[in-house]
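Student: Please see the structure below; I have some questions.
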């Protein structure tokens with residue numbers, strides 16, 4: 001009996017699977033059963049979709065773990081060379097003649113500090129966030145970063161997968177949600193800049209009153225994200241708050257001059273503002289027009305603060 005079959009699936013699991021399946025596209029790596037199928041999906045189909053969602057969730061947790069590991073290492077080794085940071089881009093991709101894959105990477109999407117080929121530690125390309133196969137494109141991307149004209153709007157890569165994979169690539173490329181995972185070495189002298197910043201952290205106004213990092217716990221509903229973000233359900237939002245007295249965490253000479261002029265002409269020159277000096281990346285599982293994807297946001301959570 002159908003009812004007996006459905007009882008083999010855990011109730012909370014099936015509710016989660018049905019909720020996720022309602023967001024997924026036809027034909028993708030996380031596709032729904034065919035719309036024309038009138039009967040309710042059986043346990044084997046539910047198990048298959050549940051496994052695919054678990055795979056996406058595992059990729060999310062793995063990426064989050066790598067990002068946190070990068071951050072923890074960097075925070076505890078500020079005088080050493082930190083581990084590579086992870087950034088995820090979404091290049092344009094098309095399948096050319098002979099089974100070649102052509103990638104177009106917009107320069108506007110490249111992280112700060114590129115194009116410096118020496119900063120690129122590793123680059124991995126996948127046709128979708130859930131694809132099991134990836135291509136190491138570190139060498140061709142380094143070459144493009146070294147040779148391409150700085151004014152060129154995009155970088156172009158051509159991949160030559162094995163002939164045995166051409167048919168599968170042809171089928172997957174039409175519904176691809178490509179992902180380029182970059183592992184970047186940090187820019188030089190970062191730890192020394194942080195050490196100098198910590199030396200000027202004594203607040204003349206009293207503890208907790210000057211420019212500093214502040215954390216607020218917020219739900220997806222609080223942020224207005226509940227209709228498009230699936231995970232995490234709660235975010236520890238870090239932001240910069242506090243006053244900017246003279247010489248406190250001044251970002252540059254302009255901030256110092258602004259402080260001096262504010263003392264002389266407070267009605268016409270505003271005081272410096274406390275703003276983020278750098279950011280921590282954040283990974284979201286989010287709904288898209290074509291299904292569910294992982295997305296890294298590089299400028300969402302403040303990491304350090306200064307006055308400007």
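Numbers here mean position along the shown chain, with the first residue as 1.
Backbone N, Cα and C atoms are what each Cβ position is placed from, and that goes for glycine too.
What you are looking at is a predicted structure, and each value in this text was computed from that prediction instead of being measured.
Swiss-Prot lists 1-29 with the feature signal peptide, giving sequence analysis as the kind of evidence. For 152-177, the entry in Swiss-Prot reads region 'Disordered'. Annotated compositional bias 'Polar residues' per Swiss-Prot: 165-177, in sequence order. Residues or ranges marked as disulfide bond by Swiss-Prot on the basis of experimental evidence: 203-210, 211-274, 240-305, 244-307.
Context for these features, please: burial, neighbours, distances.
Tutor: In this structure, residue 210 (disulfide bond) is part of a beta strand by DSSP. Same-chain residues at least 6 positions away in sequence with a Cβ under 8 Å from that of residue 210 (disulfide bond) are, in sequence order, 203, 204, 242, 243, 244, 245, 248, 249.
Around residue 211 (disulfide bond), the same-chain residues at least 6 positions away in sequence with a Cβ under 8 Å from its Cβ are 240, 241, 242, 243, 244, 248, 249, 274, 305, 306, 307.
All protein chains considered, the CB of residue 305 (disulfide bond) has 25 other CB atoms within 10 Å.
In the three-state DSSP classification, residue 244 (disulfide bond) falls within coil. The local packing around residue 244 (disulfide bond), expressed as other Cβ atoms within 10 Å of its Cβ over all shown chains, amounts to 25.
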Student: For a quick check of understanding: among the disulfide-bonded residues 203, 240, 274, 307, which residue's Cβ has the most other Cβ atoms within 10 Å?
Tutor: 307
